[in-house]
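*Asks:* So Swiss-Prot says this about it:
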{"type": "BINDING", "residues": "GLY79, ASN110", "note": "anthranilate 1 binding site"}
{"type": "BINDING", "residues": "GLY79, 82-83, THR87, 89-92, 107-115, SER119", "note": "5-phospho-alpha-D-ribose 1-diphosphate binding site"}
{"type": "BINDING", "residues": "SER91, GLU224", "note": "Mg(2+) 1 binding site"}
{"type": "BINDING", "residues": "ARG165", "note": "anthranilate 2 binding site"}
{"type": "BINDING", "residues": "ASP223, GLU224", "note": "Mg(2+) 2 binding site"}
Amino acid sequence: MQNIFNKIYESKSLNQEESYQLFKSIALGKINEIQLSSILTAMQMHGESEKEILGAIYAFSERMKFFPRPNYIFSDIVGTGGDSKNTINVSTSSAFVAASCGFKIIKHCNKGVSSKSGSSDLLNKFKINLNTSLENSKKILDKLNICFLFAPKYHSVFKYASKTRSILKIKTIFNLLGPFLNPSRPPLTLIGVYKKDLVNPMSRILKKLKYQRGIILHGDDTDEVTLHGTTYISELLNNKIYSYELEPEDFGIKRHSKSIFVEYSPEENYHIIKKTMQGKGEKLHEELIAVNVALLLKIFGHENLKENTKIALKKIRSGDVYKHIMQVSNMLKED
């Protein structure tokens, strides 16, 4: 193991087997906090490679508690976080909109580590019980098209890194692993990444993990589709990878000024999303969520982004999404 440590400290990338062995040791609690802190920092500084990410995924997958895979098509939508922007929680909001439109979503969620508000932080504000039983999660998915799998419930090995990550408060390889470790093993996924250089390597990982269809995206320094610049896409379709760029106009949306960018606290994030889902939000937030939903619907086979955006906006402005959120919350209270 010392040879692996030395390689990392010398800013050399590990091969897949070395990464697998390292993260297997982390999963078994054999790496102490000081070692882990230096490893994660060094890997982040030289940039995590495709082989390092894959090796870590395989190591943690072996110790993951699986969620029974439904016999219908479903997707995840998730951002890596780590873009330091602390914008509203777009992926969770988009998941609710898609579910309200009739699409099945199993969202892998966690607390915010490198951002102010993770998906589970927002869900707790909506009084959505993340400690519900596996059976009840499946029941809600069947009836209301969505369920949430809280990472600590399915990945006991994460506990060995949680303290170190919370102290570091920086993006690490763990930001890149979570999107590929959904316990339901979705055939479809939409993943936003915090830097453009990750788009192509992450799409190759989708292919190696045998996803049916998926999109990796990065939009102007954020892990979501952007309204004020170019969104870079790498899409896995029919076992081939296609790279392209999208502009706001491709969604039928007028470009917004970059000056509108604002950081939000967890409380502000919740109130903005609540208001938006009630159909009383600002145009910026409505459209930001809608374009991300549009891309999510694309991987379900609905290829027209402009039409998808219209569908999402109509659903958001109707207030039906908030009613759907409350249905999920109330059904989970019965557990």
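Backbone N, Cα and C atoms are what each Cβ position is placed from, and that goes for glycine too.
Here the structure is a predicted model, which means the values were calculated and not measured.
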*Asks:* What is the one among the binding-site residues HIS108, LYS111, ARG165 whose Cβ has the most other Cβ atoms less than or equal to 10 Å away?
*Replies:* HIS108
*Asks:* Cα-Cα, whole number of Å: HIS108 (5-phospho-alpha-D-ribose 1-diphosphate binding site) versus GLU224 (Mg(2+) 1 binding site)?
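*Replies:* Counting only the Cα atoms, the answer is 16 Å.
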*Asks:* List the Cα distance (Å, whole number) between GLU224 (Mg(2+) 1 binding site) and GLY79 (anthranilate 1 binding site).
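*Replies:* A Cα-Cα distance of 7 Å.
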*Asks:* Ten-angstrom check, please: count other Cβ atoms within 10 Å of the Cβ of ASP223 (Mg(2+) 2 binding site), all chains counted.
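*Replies:* Excluding its own Cβ, the number within 10 Å is 26.
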*Asks:* Highest CB neighbour count within 10 A among the binding-site residues THR87, SER91, ASN110?
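*Replies:* When each Cβ's neighbours within 10 Å are tallied, SER91 tops the list.
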*Asks:* Taking Cα atoms as reference points, rank the binding-site residues GLY79, ASN110, ARG165 by distance from SER91 (5-phospho-alpha-D-ribose 1-diphosphate binding site) and give the first.
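*Replies:* Nearest listed residue in space: GLY79.
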*Asks:* Say you check the Cα of ASN110 (anthranilate 1 binding site) against those of the binding-site residues THR87, ARG165, ASP223; which is nearest?
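*Replies:* Result for ASN110 (anthranilate 1 binding site): the nearest of the binding-site residues is ARG165.
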*Asks:* Return only the integer: C-alpha distance in Å from GLY79 (anthranilate 1 binding site) to ASP223 (Mg(2+) 2 binding site).
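*Replies:* Rounded to the nearest whole number, the Cα-Cα distance is 6 Å.
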*Asks:* Once the DSSP letters are reduced so that anything not helix or strand counts as coil, what is GLY79 (anthranilate 1 binding site)?
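*Replies:* The residue in question, GLY79 (anthranilate 1 binding site), is strand (DSSP, three-state).
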*Asks:* What does the structure give for the C-alpha distance between ARG165 (anthranilate 2 binding site) and LYS111 (5-phospho-alpha-D-ribose 1-diphosphate binding site)? Integer Å is fine.
*Replies:* 11
*Asks:* Rounded to the nearest Å, what's the C-alpha distance separating LYS111 (5-phospho-alpha-D-ribose 1-diphosphate binding site) and ASP223 (Mg(2+) 2 binding site)? Just drop the number here, would you?
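*Replies:* Distance (Cα to Cα, whole Å): 17 Å.
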*Asks:* Quick one: pull the CA-CA distance for ASP223 (Mg(2+) 2 binding site) versus THR87 (5-phospho-alpha-D-ribose 1-diphosphate binding site), whole Å only.
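*Replies:* With the alpha carbons as reference points, the distance is 10 Å.
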